[in-house]
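The next block holds one structure in the form of C-alpha cells; read it before the comments.
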Amino acid sequence: MPRFRMTVEYDGGPYVGWQRQENGPSVQGAIEAAVLSLTGETVSIRGAGRTDSGVHAMGQVIHADLSKAWSPYQLQNALNAHLRLAGERVSILDVEAVAEFFDARFSALRRHYLYRIVSRRAPLALEAGKAWWVPKVLDHEVMHAAAQRLVGRHDFSTFRAAHCQANSPVRTLDRLDVTRSGELIEIRATAQSFLHNQIRSFAGTLKLAGEGKWTPDDVEAALEARDRKACGPVAPPDGLYFLQVDYPDVIPDRRRPVTDADDGDNLS
C-alpha cells in the first residue's frame, strides 16, 4: 500500500493529547476520522511523538498507509477540507509519498521542541493557552547557564514522570538553550527522543533558576540525584510546542532501528 508522510500543525488545547483515547477527542483520532470520511478506509496512523493534553505542534510528523496512490497535493487539500468541516484545530502542512519502510517514529534522527514563557505582570489575553504566564522577572542568562548543566548523555530519572514507561531513563540531550526577546522567554530542546514530561520538568526547574531560587549548581545536583523528588515543579502544557523532526536523507531499509527512540517519544 502507498505510504504517505505528513507534517501536521495543531492546537493541543481541545484535545486529550496526540494518542487516541476513550476519554475524549485526540489529534490522532481527528486525522483518522478525516481519512475515513475521505477514503472510507479505517487506518491507524503513527506519529513521531505522543504529545499530552494541551501541548501544541508546529511540525509533528506522521505516516499513514492508504490503498490509493493519491497525489500529495490532492491528499493534503482533501484532508484539510474534512478537518475544517469537522471543526478540528488540526492542519496538514505537507504531504509526501515515501518508501514503505519509512516510519515517522523510528526513522527519526532528532526531535525539536520549544517551550514559551511570558514573563510580565499583566495576565495573558491573546497568548492565553499558548504560553506559560509567569508574573515575575526571570533572569534568562542564569536559566541558560543552568540549562547547560543538563546537556549531554545522562540518567534523567529526576526529570521524567513517575509513570513514564520508557525502559531506560538515559537520554542524550543535544541542545537546551534559553533566550529572551522582550517579555518572551524561549527554551529550545533537541534530542533523538525524550522522556515523558522531560521538557516540562526542565522548564519548571529552570524557572526556579530564573527566579534566583536555584543556582546552576542546584540544577546539576538535581540531575545527579536521579530522584523525581529532586525536580522542580512541572511546567504547564500550554507553553510546549513540537517544532520539527529531522530524518536522514536516505531512510535505511529497516522497520525498527535500535536506538534511544526504541522507548518512543512520549514526553510532554
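A Cβ is built for glycine as well, from the same backbone N, Cα and C atoms used for every other residue.
The annotation active site, nucleophile is assigned in Swiss-Prot to D52. Positions annotated as substrate binding site by Swiss-Prot: Y113.
Here the CA atom of the residue listed as 'active site, nucleophile' lies 13 Å from the CA atom of Y113 (substrate binding site). When secondary structure is read from DSSP and collapsed to three states, D52 (active site, nucleophile) falls in the strand class.
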